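Annotated Fe cation binding site per TrEMBL: Cys110, His153, His157, in sequence order. Taken from TrEMBL, the feature active site applies to Glu154.
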Amino acid sequence: MILMKDIVREGHPALRTKAEEVKFPLTDEERKLAKDMLQFLKNSQDPEIAEKYGLRSGIGLAGNQINFLKRIFAIHIEQENGEALSFIAVNPKIVSHSAEKTYLPQGEGCLSVDRSVPGYVPRYARITVKFYTLDGEEKKMRLQGLPAICFQHELDHLNGVMFYDHINKEDPFAPIPDAFPLEAESEA
Ligand code: N9Y
Ligand code: NI
């Protein structure tokens, strides 16, 4: 299973490397790592397992974060209705997006960043995305709210981009044109 020691931190070159497209069919190793990534998120959100293994709670994890430089990430978000938005995305892309932006008013964090970096991180409010499942099935989805923000954070990782690259250096909390704050759900 993936533990915190397996997650690379700031300064590791994997976080600044563009991950490679995955070819189908996936190798057994690629499939296993992808499934382990999703399982890590579930484990990290289970209070007992998280405490036992010292896991920091996460809603997304990208290949780069475990030094696996393929275009794969996992997202697991428990929603207000009790259902989970949970998937593994292979070769993900944004096919269209709103002009309107959004941001988490408390800013963003990252499992690969062991410090808080204050400031607004502008994200598209609504995105239409395409990706492949582990079995090579193409999926198209519309996302908004936290899932849209998370998808953009993970896609950035695959391109070697960190959340704080988007923060206004002169004034981290400067108002963002055409953006609204995504009202805080509690931290997962
Ligand atoms: C894991 C990050 C991804 C999220 C950061 C902002 C959007 C995606 C992650 C650090 C610790 C907390 C946790 C988090 C959360 C946020 C809002 C609502 C509920 C992947 N990562 N976290 N970051 N949780 N829970 O680095 O999940 O933000 O690349
Ligand atoms: Ni991250």
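Keep in mind that glycine also has a Cβ here, set from the backbone N, Cα and C atoms.
Recorded features from TrEMBL, shown on the structure.
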residue	record	contacts (Cβ under 8 Å, 6+ apart)
Cys110	Fe cation binding site	His153, Met162, Phe163
Glu154	active site	Gly60, Leu61, Ala62, Phe73, Ile75, Ala89, Pro92
His157	Fe cation binding site	Leu15, Ala19, Ala62, Gly63, Asn64, Gln65, Phe73
His153 (Fe cation binding site) falls, by three-state DSSP, under helix
Surrounding CB atoms that lie within 10 Å of the CB of His153 (Fe cation binding site), all protein chains: 24
